[in-house]
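Q: Okay, so TrEMBL annotates it like this:
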DOMAIN    1-77  domain 'Cytochrome b5 heme-binding'
BINDING   His34, His60  heme binding site
TRANSMEM  178-198  transmembrane segment
TRANSMEM  223-243  transmembrane segment
BINDING   His244, His249, His267, His270, His325, His329, His346, His350  Zn(2+) 1 binding site
BINDING   His271, His349  Zn(2+) 2 binding site
TRANSMEM  280-302  transmembrane segment
TRANSMEM  308-328  transmembrane segment
Amino acid sequence: SFSAAEVRARCAQGACLVRCHRRLYDLSGFVRLHPGGEQLLRRRAGTDVSAALDGPPHRHSANARRWLEQYYVGEMEPGEEPGPPAAPDLARSSCLWATGRGLQPEIPQLCARYRGGVWVPWGYNRCLLPQDLVDWQKPLLWQVGYLGEKYDEWVHQPVDRPIRLFHSDFLESLSKTAWYVVFIVWAPVVLYLSWVSYTSLAQGNTRLFSSFTSEYSIPVHKYYFPFIFLLGMFLWSLLEYLIHRFVFHMKPPASNYYLITLHFLLHGQHHKSPFDSSRLVFPPVPASLVIGFFYGILRLLLPEVLGLSVFVGGLCGYVIYDMMHYYLHYGSPKKGTYLYGLKAYHVKHHFEHQKSGFGISTRFWDYPFQTLIPEETFEKED
């Protein structure tokens with residue numbers, strides 16, 4: 001247990017301790033990742049956040065409350081917490097009550113934490129919680145397929161811990177990538193192919209529809225290159241949305257071990273551990289295979305130089321997307337900026353709205369496809 005003086009002393013030393021009634025949490029390692037910004041949590045250091053969890057301005061999801069329990073460090077000493085004891089309903093709403101749908105029906109899950117890969121309930125809960133469905137001491141990729149109908153719920157309950165996929169150290173290394181590797185590998189490719197495209201167009205030999213007719217074919221001048229490049233970036237933004245929604249968020253059949261395993265490899269791992277810094281960008285080796293596939297499609301559909309010009313714009317869009325995705329998880333954008341809103345939007349996708357909010361670098365495509373995450377509203381009290 002901790003006294004109020006101990007909490008104040010730790011906060012004065014730079015720690016970020018908050019309370020939910022008598023329960024104490026150390027958020028020092030999470031403050032930079034908080035979608036509301038580091039300063040918001042810093043201002044609440046040493047205070048009771050039980051009311052803030054229910055909003056406004058933001059009502060925290062069941063996953064967010066479950067996430068909080070991972071930082072539990074102890075209890076406040078009796079009489080140390082300010083204010084009268086919370087009513088049961090308030091405690092029920094502000095701490096971590098959830099029903100284990102699909103995992104253990106009708107059993108309440110209150111204020112539990114991960115310890116050694118297992119959900120451990122606190123002594124006073126007087127309730128039983130199911131153990132985690134996987135062994136975190138072993139690679140997860142070959143385990144998740146056995147979860148069956150429990151997989152979808154399990155994978156969308158995020159945890160703050162690194163994931164290991166493979167037994168082989170070599171394969172494991174290929175599945176991890178530092179954010180800057182994407183820029184180092186692909187930025188020179190974008191610059192080189194841009195120069196090749198522009199100089200090829202400058203020769204004046206590229207014509208649109210030349211394979212169908214020579215009389216009505218349209219010449220493509222070098223001055224068109226910036227617009228073709230931007231077209232490629234625009235098409236990438238659509239492709240980004242479609243892949244995220246229909247491939248990454250497919251719901252694999254509960255009876256299909258291999259599709260569940262594939263889903264976890266492609267995207268499920270990211271939703272299970274959204275702040276694993278080594279798994280936030282696409283590793284260059286598998287990325288090169290996907291990029292080569294789309295280049296081949298453009299070569300079939302468009303004249304060689306024109307297809308290359310669209311391709312390099314799309315490749316630039318991909319690099320920007322991967323850099324933005326990492327920043328939305330680990331950056332601290334200034335409140336009120338475009339990236340601040342986008343970070344909050346993307347975190348909502350992870351913690352509460354997994355079936356909407358598929359735009360990452362932009363919310364543009366969520367509008368026509370009607371998958372925009374709705375704005376939260378709070379009724380005014382009398």
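Any Cβ shown, glycine's included, is placed from N, Cα and C.
Quantities reported herein were computed from a predicted structural model and do not represent experimental measurements.
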Q: Out of His34, His60, His349, point to the one nearest His270 (Zn(2+) 1 binding site) in space (Cα versus Cα); all of them are binding-site residues in the record.
A: His349
Q: With the cut-off set at 10 Å between Cβ atoms, which of these binding-site residues ends up with the most neighbours? Options: His60, His350.
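A: The residue with the most neighbouring Cβ atoms within 10 Å is His350.
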Q: I'm trying to understand the geometry here, so how far is the Cα atom of His267 (Zn(2+) 1 binding site) from the Cα atom of His34 (heme binding site), in Å to the nearest whole number?
A: 22
Q: Given the transmembrane segment (308-328), which of the listed stretches 178-198, 223-243, 280-302 has the most Cβ pairs that are under 8 Å apart from it?
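A: Answer is 223-243, with the largest number of Cβ pairs below 8 Å.
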Q: So if I exclude everything within five residues of the ends of the transmembrane segment (223-243), which remaining residues of that chain have a CB under 8 angstroms from its CBs? That is, six or more out.
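A: Residues 194, 197-198, 201, 294, 306, 309-318, 320-321, 358-362, 364-366, 369 contact the transmembrane segment (223-243) from elsewhere in the chain.
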Q: Who are the long-range neighbours of the transmembrane segment (178-198) in its own chain, taking Cβ under 8 Å and residues 6 or more past its ends?
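A: Those are 222, 225, 228-229, 277-278, 280-282, 284, 287, 305, 308-309, 311-312, 315-316, 318-319, 322-323, 326, 330, in sequence order.
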Q: Can you count helix, strand and coil residues in the domain 'Cytochrome b5 heme-binding' (1-77) using DSSP?
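A: Output for the domain 'Cytochrome b5 heme-binding' (1-77) reads 32 helix, 15 strand, 30 coil.
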